């Protein structure tokens, strides 16, 4: 298992709910520093999936790239039938609104720049990453989806028993939510879709479908399907660290060319 590192700070980015917090790994005070920002999964409701899920990736990245900063956010959750007493009552768009609020907090407080940031979303976090940056360049220079959900309708077509947690998060009108993700190519935007051959919860269908949607809009898409590990284990694997590191180096090279 990849060792974890402690964040330099745990900070509130909002004031309306205890889950509006993020872990900050702020080791480079340069206002032009590069950032990796992580959004955890858990099908919008699992209280066991938290911002700490990004710690293995962040630890490995920061040990290799000491000039990079990182953040990993919590967000409000929907009710979970196995945890009825935890008080989580969020409904769409609460989850993604929190992601937007956290990104705005980082941009305003720490001068996080779109062109110097990589947004990484796992599972449901990947869905939200593309909700806030469907143009792959609006909120971050690179959006990376890891074992991602990208289309609710197609997910239920393939896994009918998943409709319960989707309706719990999005309500009875969940079928219209996919239409809110308006894909539009942004200059310099890139997307990376990572999917393990050993994912026990999702097939390649979601990633392959989304790659087609993004590519059809002129967005540069890199598909990485040679990773190993279960749906959650991928977060602790070296392949993810390698992919994110390659994207960071690519941003640095591009910045040098522009200067």
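Even glycines carry a Cβ here, placed using N, Cα and C.
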Stated TrEMBL location of motif 'HGGXW', expressed as one of 35-39, 40-44, 45-49, 50-54: 40-44
Residue counts (helix, strand, coil, in that order) that DSSP gives for the domain 'BD-FAE-like' (22-129): 40 helix, 22 strand, 46 coil
Active-site residues: 123, 199, 231 - member with fewest neighbouring CB atoms within 10 Å: 231
